[in-house]
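Features reported for this protein in TrEMBL:
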- ASP317: active site, proton acceptor (ACT_SITE)
- LYS23, GLY95, ARG123, GLN170, ARG348, ARG391: phosphoenolpyruvate binding site (BINDING)
- LYS23, SER24, ARG28, SER168, GLN170, ASP317, LYS344: 3-phosphoshikimate binding site (BINDING)
- 10-426: domain 'Enolpyruvate transferase' (DOMAIN)
Amino acid sequence: MTTSKKLSNVQRLTGTIEVPGDKSISHRAVMFGSIATGKTEISNFLMGADCLSTVSCFRKMGVSIDINDGKVIVEGNGMDGLREPSDILDVGNSGTTTRLMLGILSGAPFHACIIGDESIARRPMSRVTKPLRLMGASIDGRENGQYTPLSIRGGNLKGITYESPVASAQVKSAILLAGLRTDKEETTVIEPHKSRDHTERMLRAFGVEVKEDSTSATVIGGKELEATNIFVPGDISSAAFFLVAGAIVPNSEIILKNVGINPTRTGIIEVLQMMGASIEIIQHDQYSFEPIADIIIKTSTLKGITIGGDLIPKLIDEIPVIALLATQAEGKTVIKDASELKVKETNRIDTVVGELSKLGASIDATDDGMIITGKTGLSGNVSVSSHGDHRIGMMLAIAACITDGTLDLHDVDAIAVSYPNFFEHLSLLSK
Ligand SMILES: O=C(O)C1=C[C@@H](OP(=O)(O)O)[C@@H](O)[C@H](O)C1
Ligand SMILES: C=C(OP(=O)(O)O)C(=O)O
């Protein structure tokens, strides 16, 4: 079923919100808890559709996962505690579930089948199936394991040193998770730029040693994970929508509480600062393995900038809303080195350029990004669509705050993938 919503512009956005828990960290907490020994209690878990797909897959492999009052309790039975699933593992819309789970399954001595939705079926899986096969996993699937449906049988794995052609935390994590199942062998992943390091940080919290340098990470196999309690910080990728909204909607001031500010994820803050936004970061004393801050954003006068290189992995999921931000910045914004956008839930170069063009933005697609010239008023009274992509849906809902007429936003239900209470927060701030 698809849904649509008529959205009007707003006078201002003011108030305080706490965005839901981080999606990347929530996935990992359930997965690592499932293969650890003992009870892992997760608080502030993201109850979004993607993370619930992870929960459902691990339950099908015999893990007891209890969801109660915003807390998730995972009873792990160790690395060898997973059971062969009698049903297909359905990952829904979630790339992270698919790729990290493949890493875990590579060392599990049984067979499993993985399917997902139409969007997942278009996303490249050979970036993980290739190195996992090199390590010893048997993986088959559509077009020789390039796409779902996939079928996997874990094997005896050997350690590898793998130079990934893309900076991808999903690829890195899948290989490191498989690396844990080798017999005391070393597994190293080298990336062209550093990707988010939640896996490395969380593995350490579960008692596993991870060696890291600027663009590589290494684990040694054979160590059991020991259960731990995890507090999931607010998702900076969700906060990004309100950071942009606060900067571009007139007369606004928004306070975002408890946002994760892991330096491998803070590209959106760097971009806002480079554009000249009025933004304040109040960092909390560190009490978790992930840093947390409150962020205050106010209506700002912005200038266009160039975004590329090693900044891209730090803000890859924020590019749709950064494109909207750039329409309100004076001058040219160039987003380059971002061809990874083409293999997300949608081709995010095409969907961003297509939908923002409908609003009258001056935006052109390039081979590895887009060029936006601002500042332009955005026109309403048009129909737009998320194309089933949560981040496109939320970007358009924020755009509607400043259009000169209403927007008919189709396929809004996609937003529940990462931010189920997004519209509640939007209406709270616009009161
Ligand atoms: O590891 C993760 O949790 C994620 C990594 C990124 O994908 P890639 O690994 O494909 O860059 C990101 O786009 C995705 O939303 C979540
Ligand atoms: C790309 C995303 O997620 P995934 O790869 O897990 O589907 C995203 O959340 O923007």
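First residue shown is number 1, and so on along the chain.
Cβ coordinates are placed from backbone N, Cα and C, and glycine is handled just like the others.
Predicted automatically and left uncurated, TrEMBL annotations should be read as such.
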Tertiary neighbours of GLN170 (phosphoenolpyruvate binding site) (same chain, Cβ under 8 Å, six or more apart): GLY95, THR96, ARG99, LEU100, VAL128
Nearest-integer angstrom distance between the alpha carbons (Cα) of ARG123 (phosphoenolpyruvate binding site) and ARG28 (3-phosphoshikimate binding site): 20
Spatial separation of ASP317 (active site, proton acceptor) from ARG348 (phosphoenolpyruvate binding site) - C-alpha basis, Å: 9
Which listed residue (ARG28, GLY95, ARG123, SER168, LYS344) has most other Cβ within 10 Å, given these are binding-site residues: ARG28
Cα separation, ARG28 (3-phosphoshikimate binding site) to ARG391 (phosphoenolpyruvate binding site) (Å, whole number): 21
Count of other CB atoms lying within 10 Å of the CB belonging to ARG391 (phosphoenolpyruvate binding site): 28
Pairwise Cα distance for ASP317 (active site, proton acceptor)/LYS344 (3-phosphoshikimate binding site) [Å, integer]: 9
Close-lying recorded positions around ligand 1 among SER24, ARG28, SER168, ASP317, where CB distance stays under 6 Å: SER24, SER168, ASP317
Contacting binding-site residues for ligand 2, chosen from GLY95, ARG123, SER168, LYS344 when the Cβ sits under 6 angstroms of any of its atoms: GLY95, LYS344
Number of Cβ atoms other than its own within 10 Å, given for the residue listed as 'active site, proton acceptor': 24
C-beta crowding around LYS23 (phosphoenolpyruvate binding site), within 10 angstroms: 24
